[in-house]
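Student: This structure is in structure tokens; I'll ask about it shortly.
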Amino acid sequence: MNRWLKYAGYAALALAPVAAFAAGDALQGEVKKAPLNISAIVMFFAFVAFTLGITYWAARRTRSASDFYTAGGGITGFQNGLAIAGDYMSAASFLGISAMVFEKGYDGLIYSIGFLVGWPVILFLVAERLRNLGKFTFADVASYRLNQTHVRILAATGTLVVVALYLIAQMVGAGKLIQLLFGMNYASAVVLVGVLMVLYVMFGGMLATTWVQIIKAVILLSGASFMAFMVLASVGFSPEAMFSKAVEVHDKHAAIMEPGQLVSNPIDAVSLGLALMFGTAGLPHILMRFFTVSNAKEARKSVFFATGFIGYFYILTFIIGFGAIFLVGTNPEFKDAAGKLIGGNNMAAVHLAKAVGGNLFLGFISAVAFATILAVVAGLALSGASAVSHDLYASVIKKGKADEAAEMRVSKITTLVLGVIAIVLGIIFEKQNIAFMVGLAFSIAASANFPVLFLSMFWKGLTTRGAVVGGFVGLFSAVLLIVLGPAVWVDVMGNAKGSAPFAYKNPALFSMTLAFVTTWLVSVMDNSKQAQEERKLFDAQFVRAMTGIGAAGASKH
Amino acid sequence: MNEDVLKRVQQNPKFAELVHKKTTFGWTLSIVMLAIYYGFILILAFAPKSLGASLSGGVTTLGMPVGVLIILSAFVLTGIYVRRANTEFDQLNQEIVEESK
């Protein structure tokens, strides 16, 4: 009963933007595009005030390291599902995928499918073993029966590299977005994001980070649902009518209804598919979420709900992108003198918000986009901080003998340092082409983190030597192949088109295979005494992974 | 976990049953998902025009329902797994845990 009341509460939250729309409609026509978007700023600050309130509440409940890293393991499957979906529905995927649909039609759908299909596989093979074996970070799992020091150094390196790339991409995105949406300057926007990120994580830990993520997921899904609803309403709820309107006005016409250039090269396509699928299973800030629920049952439920929300979200972005083709693309109000979309194609969803809901709804969607960035960077910072304090400080430097207070102090200091680094890098990379960074983060996650994590759970023969050598080979080969590939060699370094030494945009097919083969080969050849011990420990690990006997439970509050 | 508990679990025929059921089911569903996705990728790579065929004479192409169905299949497959794991497997697991004490 109680649970249904809670669901009813989420449903009520979901209806809130409809009310906001009713008010927004009345404003339409009077307010011209102002350089400083007041309604957006007001709504954004309302979000910030509310989430800081949550942070204050969470800070009073965050006492132990377990509270800080995993919210004491007390998050339910449904809540965690929303939070995972929130981590995944970044501003980049909301604006980026709808922009891709706006520009290329069907290709946008192909891209989003790649992001989704990793989730079922994570559930079937990884989720519950992860929950049963781990405590705070995925390194707990990877190093379960291996040498703590070496494996944790590898895992922490993989985590920090992925977190850094992802953070830079989010910071630069945030700065540019805020410039466009709020009329604020780039540097102050980056500083604002960095400061809020540090506040959420440092004081509220995982509890605050999770709730910020949940709230954002709910408002993003509600806002996007409303937009998709308005698009469908404008065509009498007929997909055929929506598609024919879009085909009529899009300059590619019927070509937007079928696969285009995205998957013209099969090897690149398979490689991208691998990076998206297994990269998801190697993203540290996502893996960390599996430790916030109380047991394997809740971990499974999290993935079920997350898959549902993410799938629904991608269907919405598809409708939004198509709607933008005929509601935004034909409207001169949203175009500059050259006939291009104001602010670029990434603004398609934002312009659509104004087209269907007036200025107030535009403000709402702008605030949601900003909130999305905040929630995602908070998750990233927490994950980076855990890698430093739990893996490097407590396990490597203090050999597992650190006291909890000191460990938490280290993670808070790390959060602060990460905040400063994120702000500085965000400002340095302002004018750089950073499109490759998220792809690189996924490739590294798939090539360095995933093989070690996967083999540690599934293969008795894995040894420390194999894991460390294979993991680093995966990491370096992913970086090297991206740098030599067209995404960096041509697009960033400005070399001639077609001159890249490595022909494919996505290295995962090669770097991940290389990591697996190296790990296997080195492990098989490793006949040291330590390796034999490690193989013997597999049986106990397997029983715990399967049954949950001895797994870290939820702390009592 | 102490040695006795480990032995008792390993020797419990229910444990072998759980491992067999869970592993078979998990891998089967994974292979189904991978087959659906990479089947789609291969069609994209080698016969993209087939997805551009009109669905029923209008502008809507075959690719549209196919794409939406893949998204739905991901959700349905997770649902199927969670349903069986949270009832049958967890029941079996509970018995193993009880008997190991």
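Using the three backbone atoms N, Cα and C, a Cβ is placed for every residue, glycine included.
Pulled from TrEMBL, these are the listed features:
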type     : residues  : note
SIGNAL   : A:1-22    : signal peptide
TRANSMEM : A:38-59   : transmembrane segment
TRANSMEM : A:108-127 : transmembrane segment
TRANSMEM : A:153-172 : transmembrane segment
TRANSMEM : A:178-202 : transmembrane segment
TRANSMEM : A:214-237 : transmembrane segment
TRANSMEM : A:269-291 : transmembrane segment
TRANSMEM : A:303-328 : transmembrane segment
TRANSMEM : A:360-389 : transmembrane segment
TRANSMEM : A:410-428 : transmembrane segment
TRANSMEM : A:434-455 : transmembrane segment
TRANSMEM : A:467-488 : transmembrane segment
TRANSMEM : A:508-525 : transmembrane segment
Student: Give me the stretch from A:38-59, A:108-127, A:360-389, A:410-428 with the greatest number of Cβ pairs under 8 Å to the transmembrane segment (A:214-237).
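Tutor: Of the candidates A:38-59, A:108-127, A:360-389, A:410-428, A:360-389 scores highest.
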Student: Should anything in the same chain at least six residues away from the transmembrane segment (A:434-455) have a Cβ under 8 Å from its Cβ atoms, list it; otherwise answer none.
Tutor: 92, 125-126, 130, 138, 141-142, 151, 154-155, 157-159, 161-162, 165-166, 168-169, 172, 274-284, 287, 462, 466-467, 470-472, 474-475, 477-479, 481-482, 487-488, 491-492, 505-508, 511-512, 514-516, 519-520, 523
Student: Six or more residues beyond either end and a Cβ under 8 Å away: which residues meet both conditions relative to the transmembrane segment (A:303-328)?
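Tutor: For the transmembrane segment (A:303-328), the list is 77-78, 80-82, 84-85, 88-89, 93-94, 97-102, 105, 108-109, 112-113, 115-116, 119-120, 122-123, 127, 217, 220-221, 224-225, 227-228, 230-232, 234, 242-243, 245-246, 248-250, 256, 334, 341, 348-349, 351-352, 355-356.
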Student: Which residues of the same chain, at least 6 past either end of the transmembrane segment (A:153-172), have a Cβ under 8 Å from a Cβ in it?
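Tutor: Tertiary neighbours of the transmembrane segment (A:153-172) are 90-92, 137-139, 142-143, 190, 193-194, 282-285, 373, 376-377, 380-381, 383-384, 387-388, 391-392, 396, 418, 421-423, 425-426, 429-430, 432, 434, 437-438, 440-441, 444-445, 448-449, 452, 467-468, 471-472, 475.
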Student: What parts of the chain pack near the transmembrane segment (A:38-59), using Cβ distances under 8 Å and only residues at least 6 beyond its ends?
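Tutor: For the transmembrane segment (A:38-59), the far contacts come to 181-182, 196, 199-200, 203-205, 207-208, 211-212, 215, 219, 359-360, 362-364, 366-367, 370-371, 374.
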